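Going by Swiss-Prot, these are the annotated features:
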- 1-226: region 'Pyrophosphorylase' (REGION)
- 8-11, K22, Q73, 78-79, 99-101, G136, E151, N166, N224, R330, K348, Y363, N374: UDP-N-acetyl-alpha-D-glucosamine binding site (BINDING)
- D101, N224: Mg(2+) binding site (BINDING)
- 227-247: region 'Linker' (REGION)
- 248-452: region 'N-acetyltransferase' (REGION)
- H360: active site, proton acceptor (ACT_SITE)
- A377, N383, Y384, S402, A420, R437: acetyl-CoA binding site (BINDING)
Amino acid sequence: MSLDIVILAAGQGTRMRSALPKVLHPVAGQSMLGHVIATARALQPRSIQVVIGHGAEQVRQRLAGDDLNFVVQAEQLGTGHAVAQALPHLSAERVLILYGDVPLIEAETLQRLLQKVGPEQLALLTVTLDDPTGYGRIVRDGRGEVQAIVEHKDASADQRAIREGNTGILAVPGSRIGEWLGRLSNSNAQGEYYLTDVIAMAVADGLRVATEQPADAMEVQGANDRIQLAELERHYQLRAARRLMAQGVTLRDPARFDLRGEVSVGRDVLIDVNVVLEGRVVIEDDVQIGPNCVIKDSTLRRGAVVKANSHLEGAVMGEGADCGPFARLRPGSLLGAKAHVGNFVEMKNASLGDGAKAGHLSYLGDAEIGARSNIGAGTITCNYDGANKFRTVMGEDVFIGSNSSLVAPLNLGDGATTGAGSTITDDVPAHTLALGRGRQRNIDGWQRPTKK
C-alpha cells in the first residue's frame, strides 16, 4: 500500500535555550530532524511532508531535498493542527506521523507498525515505562482493546497509574484522516488540538487500534533540553559501538568512541579510546587506530595504522601504510602501500608513493612523491606565491635532505638528492645532487657579546 509520511518539526524548544530550532540540534553530527528524514526515506514513501514553524527558513535551508515538501504551521496549536496543515498533500493509502525530535527511531520498528494498518485499522506505537510521567496514557477496555489516549495533564489518578504511554507515532488509513482531523476540538487543559483524540474517534467509528512497541524504549525518546540531547547522543554512540563490535571491531572502550556519519569496517579492526569518525569512512581488515584520532571522509586500506593524536580528512592510506603520532592528512592526501608519515607531518593534496617516508616535521602540499623516496625532517614544499598554488613532483628513490625548502613549481627526477638545508628553486635531473645553501665560514678567535 502507498505511504505518505508527515514529520512534525514546528516546535521552538524553549528549554534548549538556543537560537537554533530544536530539531536542528545535532545527534552524532547530524540534526535530529535529519536522522528522522533518513529513517523516513528508508521506508520508500510516496511523499515526505515536513511541518515547520519556528525557524522555518533555517530548517528549510538546512534540510532541503527534492523528495521533501515543507509545510508551514504559522501558529503552534497542537499536533492535530500541525498534521492538518499537510492534509492537502496527502493522498496515499496510509499516513505515518513522525516527530522531528525523536531521532533514534528505527526503520524496522516502523515497518512492523505499518504492517498493522489497514482501511479499518489504525496502528499506534506505544512504550511501557516504569515512570511514564509526561506521556499520554493508553486506555484499554476489559478485552485489552485500545479505547483512547488521555494526555498526562488531563488524566485522572487511576489513568496516571497506567504504565503504557503514547509515543505519538501513529499510522492511519489515508482515507479517514481528513475526516477525523476536521472533528478535533481544543477543549482540554492545553487548549490545543490533540492528534491523540483521533484514537477515540476511530474507535467510535468502529475501527480497531493495533499497537506495536519498539525493541528499545530509547528509540522513542525525544529531546526537550540539552540534558536529554546528551542522553540521546550517548545512547546513539553505544548503539553504534555495539554494531561495530558485532562486525569484528575491537573497541578499547565503547563508551569513549564517537561515530558522526557512516563507517564501513572489515574484520580484526582495533580502535583505541577517544576516536571520532566523521562523514564517510572506510576501514578495511586489520587496521589499527590509536587514541585521540579524528578521521573524516577517509579510507584506510588493509593493515593501515593510524597512531595517536592524528587527524585525517579526505585521505586515503594504502595497505600497510602508517601515520602519526600527531600527523595531519588534509583533503587529497594519498599514502601508497607501506608509506610512512611520522609525527608533526602535514600533507595536503599530496601523494606519497609505495614505501616512501616522511618521518617528521614536514609540510607536503600540492606534491607528488615517488615510491621509496625519503623526505628529511623539516622539509617544506613552498607551494604558494601569495596568489596561486604550484606543484612539486618527485620521481622514485628521491632523497630530500633535512631542512630543505622546495620552491614550486619544481620537478626532481628519479634518484635525485638535495643536501640538508638547501633551498631548491630549479628542477633537479635524475641521479643528481642539488645544493642550494650558503657556504659555511668559520671565524677564529670570535667572542660572544657580553651584557653591558
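Positions of Cβ are set from backbone N, Cα and C atoms, glycine also.
Positions of the features from Swiss-Prot, shown on the structure.
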residue: G11; record: UDP-N-acetyl-alpha-D-glucosamine binding site; contacts (Cβ under 8 Å, 6+ apart): K22, V23, G53, H54, Q76, G100, D101
residue: G78; record: UDP-N-acetyl-alpha-D-glucosamine binding site; contacts (Cβ under 8 Å, 6+ apart): N186, Q190, E192, Y193, Y194, L195
residue: N224; record: Mg(2+) binding site; contacts (Cβ under 8 Å, 6+ apart): G13, R15, M16, K22, D101
residue: R330; record: UDP-N-acetyl-alpha-D-glucosamine binding site; contacts (Cβ under 8 Å, 6+ apart): E313, G314, A315, E346, M347, K348, N349
residue: H360; record: active site, proton acceptor; contacts (Cβ under 8 Å, 6+ apart): G342, N343, F344, V345, A377
residue: N374; record: UDP-N-acetyl-alpha-D-glucosamine binding site; contacts (Cβ under 8 Å, 6+ apart): A356, K357, G359, V398, F399, I400
residue: Y384; record: acetyl-CoA binding site; contacts (Cβ under 8 Å, 6+ apart): G365, F390
residue: S402; record: acetyl-CoA binding site; contacts (Cβ under 8 Å, 6+ apart): G376, A377, G378, T379, A420, G421
Q | Inter-residue C-alpha distance, L8 (UDP-N-acetyl-alpha-D-glucosamine binding site) and R437 (acetyl-CoA binding site) (nearest angstrom) | A | 68
Q.
Counting only residues 6 or more past its boundaries, what in the same chain has a CB within less than 8 Å of a CB in the region 'Linker' (227-247)?
A. 16, 25, 27-28, 32, 103-104, 218, 221, 254-255, 257-259, 263, 265, 267, 269, 271
Q) Does anything in the same chain, at least 6 positions from R437 (acetyl-CoA binding site), have a Cβ under 8 Å from its Cβ, and if so what? A) G419, G421, S422, T423
Q. Which is it, of D101, E151: the one of these binding-site residues whose Cβ has the most other Cβ atoms within 10 Å?
A. D101
**Q.** Distance [Cα-Cα, Å, rounded] between E151 (UDP-N-acetyl-alpha-D-glucosamine binding site) and N383 (acetyl-CoA binding site)
**A.** 65
Q.
Comparing the binding-site residues L8, A377, A420, which residue's C-beta has the most other C-beta atoms within 10 angstroms in this structure?
A. L8
Q.
The record lists A377, N383, Y384, S402, A420, R437 as binding acetyl-CoA. What's the largest Cα to Cα distance among them, in Å, rounded to a whole number?
A. 22
Q) Which whole number is the mean pLDDT over the region 'Pyrophosphorylase' (1-226)? A) 95
Q | Neighbour-count leader, CB within 10 A, binding-site residues: G100, N383 | A | G100
